[in-house]
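Here is the structure we will look at.
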Amino acid sequence: MSRSESPRPLLEMRGISKTFPAVRALDNVSLTVYPGEIHSLMGENGAGKSTLMKILSGAYRADAGGEILIDGTRIDIDGPLAARDAGVAVIYQELCLSPNLSVAENIYIGRELRRGNRRWGTIDRAAMARGCEDVLARLSASFGPDTLVDTLSIAEQQLVEIARAVHTRARILVMDEPTTPLSSRETEHLFRLIRQLREEGLAIIYISHRMAEIYELSDRVSVLRDGTYVGTLERASLSAERLVAMMVGRDISGFYKKEHAPYDPGHLLLSVRDIADDARVRGCSLDLHAGEVLGIAGLVGAGRTELARLIFGAEPRVRGDVKVGERTFGAHSPRDAIDAGLVYLTEDRKRQGLFLDMSVRDNINISVCNRDARLGSLDLARGAERARDAIASLSIRVPDANVNVGALSGGNQQKVLLSRLLETKPRVLILDEPTRGVDIGAKSEIYRIINELARAGVGVIVISSELPEIIGVADRVLVMREGEIAGELGGYTQTPITQEAIIALATGSQAELADAH
């Protein structure tokens with residue numbers, strides 16, 4: 001049933017507030033969702049999206065005064081079981097599956113079928129396998145009910161979560177950043193499933209920071225800011241400028257605006273020649289100039305991250321040269337790269353970039369703490385001053401520099417990592433998925449920093465899976481396919497940087513068309 005066929009909302013959350021010690025996370029928030037609707041929920045990290053959904057899912061109890069209605073009936077959701085019984089299912093970024101159990105066992109978890117006595121009888125795994133065959137077929141799953149979850153890909157595990165929601169007859173499905181771990185092809189398949197569920201009458205609440213996904217899927221979009229409800233836009237009224245202004249509370253015109261001067265083609269900062277490893281990168285060459293922002297695009301698995309790590313010296317290369325200015329450095333030496341003025345921001349900040357159990361101050365200073373050494377001890381005051389300056393310069397939202405990095409939002413974590421790299425005074429900066437998992441406000445700050453660096457003559461390489469981002473920030477774009485540079489767009493090639501051109505190079509369709517003619 002579509003929204004147009006059902007004038008009555010399926011879900012109404014009215015006047016929802018939630019207070020934690022010293023923090024009011026939600027203040028009188030309301031949300032209305034119809035059956036057969038994809039309703040996106042947007043807001044910066046810390047806006048209250050997750051808190052609102054945790055109240056809906058029974059993980060949190062709202063403060064007194066608000067109410068939740070399903071089909072017009074007030075519901076008391078006092079825990080996850082009550083939410084499930086009310087027809088609410090949530091698929092979090094961190095999937096909630098038991099890897100050592102089968103698909104069927106995960107679908108039936110907490111509702112196991114038993115032989116004989118329903119409470120004490122032995123689990124009837126064969127009956128559970130039969131019982132979930134229909135839902136797996138309905139979702140076009142390529143695996144069976146007896147498959148061990150641990151053997152499935154992330155996309156397939158996500159499908160198990162969706163199957164569990166459908167099997168429990170959920171009517172309201174919440175999806176929190178579901179495409180973050182997925183490839184482009186897996187994302188397309190997920191979108192087909194979401195649309196299918198909408199046609200079947202489910203109400204889908206979709207949380208994402210990705211504008212392209214919001215435009216593609218949403219029937220309506222509601223925005224939260226600082227724990228309050230800002231407003232709801234119909235699909236026909238959506239625009240990036242309007243959504244961003246609602247989220248951050250101010251107008252951000254020219255979201256991707258290039259504010260640096262054209263780069264100097266006569267001032268070469270980085271020269272990479274015929275670089276290769278033994279698997280994923282096959283003889284790539286590139287140049288980067290002072291004040292230039294060079295984008296690197298391509299499909300997942302094309303070798304973009306591998307190329308960046310080879311250039312930086314984080315992975316061994318079997319051949320090729322890397323030169324910063326006139327300095328060539330070794331085949332496997334990040335220290336030499338940093339000394340030459342080349343730094344790399346990893347795509348996985350939590351596992352490869354940050355020390356989550358250490359303070360903001362220590363994370364910012366760790367790459368340059370040798371500067372503060374005095375007679376065998378560290379000048380802590382100097383490090384504290386450096387951290388304060390970085391917090392102010394990059395607009396890092398944090399009470400003070402002693403807070404652990406693990407407690408910060410994704411956007412603020414990314415800015416802490418970026419500030420650490422900038423303390424080394426780089427000439428070349430490689431940013432691998434710099435805005436992944438960060439909110440709109442943090443994205444705009446990162447774009448501002450990129451522009452400022454380019455204006456100062458730093459050469460910046462941006463690797464991104466978001467085509468609007470690549471097109472918006474880059475002077476030139478290199479497109480990778482199967483470990484090689486498939487083509488170049490923009491700059492002095494006079495070839496326009498467009499999504500169609502990037503996709504054609506990334507998929508090989510441009511080459512296929514040329515061969516056909």
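Placement of Cβ uses the backbone N, Cα and C atoms for every residue, glycine included.
Annotated domain 'ABC transporter 1' per Swiss-Prot: 11-251, in sequence order.
In the three-state DSSP reading, Glu44 (ATP binding site) counts as coil. Annotation for Glu44 (ATP binding site): same-chain Cβ neighbours under 8 Å, separated by at least 6 residues, are Arg225, Met247, Val248, Ser409, Gly411, Asp439, Ile440, Gly441, Ala442. Summarising the annotation, Swiss-Prot assigns ATP binding site to Gly43, Glu44, Asn45, Gly46, Ala47, Gly48, Lys49, Ser50 and lists sequence analysis as the type of evidence.
Positions annotated as domain 'ABC transporter 2' by Swiss-Prot: 263-507.
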*Can you name the residues of this chain that are 6 or more positions from Gly48 (ATP binding site) yet have a C-beta less than 8 Å from its C-beta?*
Lys18, Ala25, Leu26, Val29, Leu224, Asp226, Gly227, Thr228
*Residues with Cβ closer than 8 Å to the Cβ of Ala47 (ATP binding site), same chain and 6+ apart in sequence?*
Leu224, Arg225, Asp226, Gly227, Met247, Asp439
*Shell list (ATP; ref centroid = CB of Gly43, Glu44, Asn45, Gly46, Ala47, Gly48, Lys49, Ser50; cutoff 8 A)*: Thr51, Leu224, Asp439
*Could you tally the C-beta atoms, other than its own, that fall within 10 angstroms of the C-beta of Ser50 (ATP binding site)?*
19
